[in-house]
Amino acid sequence: MPVLTDPLQILQALIRCPSVTPHEAGALSTLEQFLTKMGFHVERPIFADKNTEDVENLYAKMGKEGPHLMFAGHTDVVPPGDLENWKYPPFEGVIDQGKLYGRGAVDMKGGIACFVAAFARVLEKRTIKGRVSLLITGDEEGPALNGTVKLLKWAEQKGEKWTAALVGEPTSVKTVGDVIKIGRRGSISGIMTVKGRQGHVAFPERAANPLPLASKLIQSLIQTTLDEGTENFQPSNLELTAIDTGNPAMNVIPAQATVHFNIRYNDLWTKEMLMAEIENRLALVQSKNNNGQYPYYQLEWIPSLGDVFLTKNDKLINTLSNAIKSVTGNIPECSTSGGTSDARFIKDYCPVIEFGLPGQTMHMVDECVTVDAMETLTSIYECFIVDFFA
């Protein structure tokens, strides 16, 4: 059993569980052993959904009264890729020249290890007047259908309510504590299919080429910016992610063209407003091009679980910022940049902020974290916990 105040030993134990999403591979069981030894009551609900594998989750709680701090995270990791490219095996947790290597070291077993060690250090020195829980899923890197979103609902039905939540995602950029996340942009994806009529390129009058209309529709999506951004958010942006005709032949006019796109949007928009804006742009182009005759387009919106949000709880933000300053001497930047995370689910239950290790190597070959970064984050978490319950 690792020394529970040592984040490196905890992280090594977690990394040695090859928990490639959505497989548990012993990671939650290992974490449960640590938490049980510390005095937590641990439960392991399993959730399922159609066309997905069952996923194990963990909810651990200590305390019965007072403010309730939730720490949220995930033990599932992305695949390591070609093992030949790794300096050290990705599931051994080798420490070399001040760095600990392994898949999940940064995203985000390292954050979990630091919080567990931080809380163990707190318990050695004082009694917390409040409640602490860990909400840990094995389905964050995958479709995120059987993880945090269901675990929150399950816990709420059991009477759980939280004062605030800290998500241990790797938010830092260059050094531990330089950036915390106080919100996230929303995300929505669409598939536009432009229908034509297949034919021989030598006889275009017998066909209806979907590509000229597709190019005009694409231009309507990208030529005008959605907005200029806000005080707390970057400008919303639409990115094309795929264009395909399924036609490798040089002498065939394709039957259709398919365009995939994703939009990351700020708090100037709701999902419904944004969908209406895109639909209006496309309809205007179509009305000038045969108005529903071949070629024409169809638009499908992909269900999204990522709405835009901004945490405005000054007390929570200041408590974390002050903890960072007391350990590092620096004041963190409050940011909303980057992709989505499970904070998008938690924000419906309590104020939530995100803070963790530097993320330069996450999802990469030779993912690693420095020994110094682990100690710094553990110290900040410890200070934050103490101040939260002060």
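Cβ coordinates come from backbone N, Cα and C, glycine included.
Because the structure is a prediction, the values reported are computed rather than measured.
For Asp76, the entry in Swiss-Prot reads active site, with the evidence type sequence analysis. In this structure, Asp76 (active site) belongs to neither helix nor strand by DSSP; it is coil. Around the Cβ of Asp76 (active site), the number of neighbouring Cβ atoms within 10 Å comes to 28.
According to DSSP, Glu140 (active site, proton acceptor) sits in a coil region rather than a helix or strand. Under the heading active site, proton acceptor, Swiss-Prot lists Glu140.
All protein chains included, Asp107 (Zn(2+) 1 binding site) registers 27 other Cβ atoms within 10 Å of its own Cβ. The Zn(2+) 1 binding site annotation in Swiss-Prot covers His74, Asp107, Glu169 and rests on sequence analysis.
Per Swiss-Prot, Zn(2+) 2 binding site is recorded for Asp107, Glu141, His363, and the stated evidence type is sequence analysis.
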Residues flanking the Zn(2+) 2 site, with Cβ no more than 8 Å from the Cβ centroid of Asp107, Glu141, His363 and excluding those residues themselves: Val77, Val78, Gly104, Met108, Met362
His363 (Zn(2+) 2 binding site) and Asp76 (active site), distance between Cα atoms, whole Å: 12
Distant-in-sequence Cβ neighbours of Glu169 (Zn(2+) 1 binding site), under 8 Å, six or more positions away: Gly73, Asp107, Met108, Gly111, Lys181, Ser341, Ala343, Glu354, Phe355, Gly356, Gly359
Rounded inter-Cα distance in Å - Glu140 (active site, proton acceptor), His74 (Zn(2+) 1 binding site): 6
His363 (Zn(2+) 2 binding site) in three-state DSSP notation: coil
Rounded to the nearest Å - Cα separation of His363 (Zn(2+) 2 binding site) and His74 (Zn(2+) 1 binding site): 14
Additional residues surrounding Zn(2+) 1, by Cβ distance to the His74, Asp107, Glu169 centre under 8 Å: Gly73, Met108, Gly111, Glu140, Glu141, Val167, Gly168, Pro170, Ser341, Gly356, Met362
